[in-house]
């Protein structure tokens, strides 16, 4: 099972060193773990986890103030990238067109893409979730060999309110009919619900936010998944 930690706008360079040290001392070679750290915390060490980027601009380098280009990621041998997270869609107004340009750039470079999709509460309550997710997936090449899709219902992100096991299973099973790629669930994943989520046949892993920010808490979640 895949365990992806999205640290978002958390951890300094110093605190991430401690975070990484705890993971390195406790993870095994059999653990499939990626950590999407803030760019200021990137390092060149070899870890027991894959280091990923929360964001990038689709360029080698250039006049793009505040952005992160391929040359910068290459320095740290980063090949895993998040695209389409709802916080970037909503807060930073990343459009479907721009997300497509990011996806195409990542695919051209052979990166591992974790493409995030998810509906808001009104869409969910109106029963239009599957149609909405289908439209989001029309934006990318579902045949790309290094694609992972992360389903994160917006109404469950950082709210403490996770989708029910039945809801997650229904949506991920539907997505399996759309794309033969690994599927992740994200949205208030924690140590209390991870075992049930891990038991969903169509679920290949989790994208964890708040519960991953503390290294020991994240390790506890990983351990709880196999109990």
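Heads up, the Cβ atoms here are built off N, Cα and C, so glycines get one too.
If you look up Swiss-Prot, you'll see 6, 7, 8, 158, 188 marked as substrate binding site. What Swiss-Prot lists as active site, electrophile is 85. Taken from Swiss-Prot, the feature active site, proton acceptor covers 152, and the record attributes it to sequence analysis.
Locations of recorded Swiss-Prot features on the structure.
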| residue | record | CB count, 10 Å |
| --- | --- | --- |
| 6 | substrate binding site | 26 |
| 7 | substrate binding site | 21 |
| 8 | substrate binding site | 17 |
| 85 | active site, electrophile | 28 |
| 152 | active site, proton acceptor | 25 |
| 158 | substrate binding site | 12 |
| 188 | substrate binding site | 21 |
Separation of alpha carbons, residue 85 (active site, electrophile) and residue 6 (substrate binding site) (Å): 10
Residue 6 (substrate binding site): secondary structure state under DSSP, collapsed to three categories: strand
Extent of the substrate binding site in Å [max Cα distance among 6, 7, 8, 158, 188]: 14
Those recorded positions, out of 7, 8, 85, 188, that come within 10 angstroms of residue 152 (active site, proton acceptor) at the Cα: 85, 188
For residue 85 (active site, electrophile), the one of 7, 8, 158 that lies nearest, given that the binding-site residues are compared by Cα: 8
Assigned conformation of the residue listed as 'active site, electrophile' - DSSP reduced to three states: coil
